[in-house]
């Protein structure tokens with residue numbers, strides 16, 4: 001739906017002019033464009049600028065999270081700016097029309113959080129704080145992947161409501177292990193987490209990634225074509241609809257495999273999206289149940305690190 005922007009919001013084609021005298025930048029570009037943009041932002045923005053990143057996913061060229069990519073460019077250019085992340089159960093069409101909701105900002109500097117909260121918080125849209133930038137970025141990336149899986153299960157019309165509810169708990173255990181491998185704080189993936197559980201549920205019920213999963217299950221049921229995910233993705237691209245979870249599944253699977261971690265649910269979603277596998281709901285359910293006893297085969301840190309940069 002079209003939305004009328006307030007007069008205080010205006011487009012600026014010249015990036016240098018747009019950010020040359022600012023103290024805070026919110027980056028919301030899709031992940032595939034993020035690297036090229038952040039290089040210019042790091043070059044043009046004033047020293048000491050706060051970078052808050054709402055981009056979800058992994059950077060295709062490197063497999064890094066957006067916040068990691070921003071910090072790497074800052075280090076490479078010798079610039080000093082703080083890096084944070086913003087995410088949560090934030091379906092845009094609800095928020096823009098005044099729907100109640102909560103988002104999370106993760107950054108090391110609480111003063112930065114307070115400043116940004118003042119800018120975006122309303123009586124019906126609240127903002128909460130976290131120091132776990134890495135965990136926030138991981139949750140933002142993987143909730144789209146797991147929402148595709150939810151959509152496949154629900155769209156098949158073969159999976160009972162009991163198991164659809166259980167699915168949320170199974171993927172929570174899996175992402176917590178994934179997050180620990182990358183240095184996230186385990187509490188980021190707790191049930192009360194805005195950036196994980198709330199966002200996962202919102203995306204499963206009303207997000208594009210879950211819709212993609214439902215359409216994928218329906219396409220496979222009706223046509224049974226080989227590589228149905230790729231065919232469906234092309235249809236979405238023609239409509240200019242981005243599915244961040246598609247590429248995120250490939251990169252997350254690669255990251256996990258490189259670390260000796262073999263999460264069964266992520267692995268099954270990867271096989272459907274990128275391995276050319278047709279949707280087999282019974283096999284998918286079995287993989288989910290396997291996750292009950294799944295353990296990371298690599299060592300998981302006993303104390304989660306929460307550094308945002310490396």
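FYI, residue positions are counted from 1 along the chain as it appears here.
Each Cβ is built from the backbone N, Cα and C atoms, and glycine gets one as well.
Marked as active site, proton acceptor by TrEMBL: 143. Per TrEMBL, NAD(+) binding site is recorded for 92, 208. Taken from TrEMBL, the feature domain 'Glycerol-3-phosphate dehydrogenase NAD-dependent N-terminal' applies to 2-111. According to TrEMBL, the domain 'Glycerol-3-phosphate dehydrogenase NAD-dependent C-terminal' annotation covers 132-280.
Within the domain 'Glycerol-3-phosphate dehydrogenase NAD-dependent C-terminal' (132-280), the DSSP-based counts of helix, strand and coil residues read 115 helix, 0 strand, 34 coil. Comparing local CB density within 10 A for the recorded positions 92, 143, 208, the maximum falls on 143. Within the model, the domain 'Glycerol-3-phosphate dehydrogenase NAD-dependent N-terminal' (2-111) carries an average pLDDT of 93.
Residues of the domain 'Glycerol-3-phosphate dehydrogenase NAD-dependent N-terminal' (2-111) grouped by DSSP class, helix first, strand second and coil last, total 38 helix, 21 strand, 51 coil.
In this structure the alpha carbons, written CA, of residue 143 (active site, proton acceptor) and residue 92 (NAD(+) binding site) are 16 Å apart.
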